[in-house]
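First comes the structure, then the notes that go with it.
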Amino acid sequence: MATLLQEENTTSLEAIPSNTTAKTRPTVLVFDSGVGGLSVYQEVRQLLPDLHYIYAFDNVAFPYGEKSEEFIVERVLEIVSAVQQRHPLAIVIIACNTASTVSLPALRERFTFPVVGVVPAIKPAARLTANGVVGLLATRGTVQRTYTHELIARFATDCKIELLGSSELVELAEAKLHGEAVPLPTLKKILHPWLSMREPPDTVVLGCTHFPLLAEELMQVLPEGTRLIDSGAAIARRTAWLISTQENLVSTQEDNLAYCMALNEDTDALLPVLQGYGFKSLKKLPV
């Protein structure tokens, strides 16, 4: 069975002891095209349980994996701006690999608050691999983008990197959160290029925030001893540091809430799931 690791962290994180009062409860926006960013939110909230969290997802333009870079940048700017007009944001986490690889410069130019992105954990994977074969499991867009290949060239020149892009895995993760079972034969078909290799990757980077939601099923399908690595814990530590270095943060006593771009039957079904993650309500964000 495969093993799930987190970037530069192989033990569970303990929550930072809380001395948070109403005066120090700043707002954190976690954004993704879908629900995959909940995997990042879980890690951040585990470390920083007493902040005010907003989760926003773009269920109108989902998925981002095969959208143009220009569209993604403009869309993310529009959504973050709409949230910022309604809430005093202390920090924004772009919990989407695709959006992170193209929109971070524009976001940091537009806004004064810190913006944290998610990038594939190529560097720790290259350090951990024993057989020198690292798999990057991501969307097709992330696999093809120049940024990803620059990461590989910078941190993994001594490794053989096997790239596997799949939008179907994103759909499977979304379906799982809606209560549907993940068919293992489908996973095996998607992963066939690796499973049929004489020496498959012994370390797999989960290069999409949806994919940690499928970790249990992936570990059943991948070869014994395969390590799975995601960036959630590293993002949580980065967020904690950035919050600790800011002064005069605006606090709120509002409940955690989620925003979508359109309300429909799917979002009605998703509301109990979001409530299970600590979000009291789900609202449409006018954009």
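Quick reminder: no glycine exception, Cβ is built from N, Cα and C everywhere.
Now, the feature entries from Swiss-Prot:
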- C96: active site, proton donor/acceptor (ACT_SITE)
- C208: active site, proton donor/acceptor (ACT_SITE)
- D32, S33, Y64, G65, N97, T98, T209, H210: substrate binding site (BINDING)
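Taking the centre of the Cβ atoms of D32, S33, Y64, G65, N97, T98, T209, H210 as the substrate site, the nearby residues of that chain (Cβ within 8 Å, site residues left out) are G34, G36, G37, P63, C96, A99, T139, T142, V170, C208.
Listed binding-site residues: S33, N97, T209; maximum Cβ neighbour count within 10 Å falls on T209.
N97 (substrate binding site) carries a helical DSSP state (H, G or I). In this view, Y64 (substrate binding site) is surrounded by 25 other Cβ atoms within 10 Å of its Cβ, with every protein chain counted.
The separation of C208 (active site, proton donor/acceptor) from N97 (substrate binding site), Cα to Cα, is 6 Å. When the record's substrate-binding residues D32, S33, Y64, G65, N97, T98, T209, H210 are compared pairwise by CA position, the greatest distance found is 12 Å.
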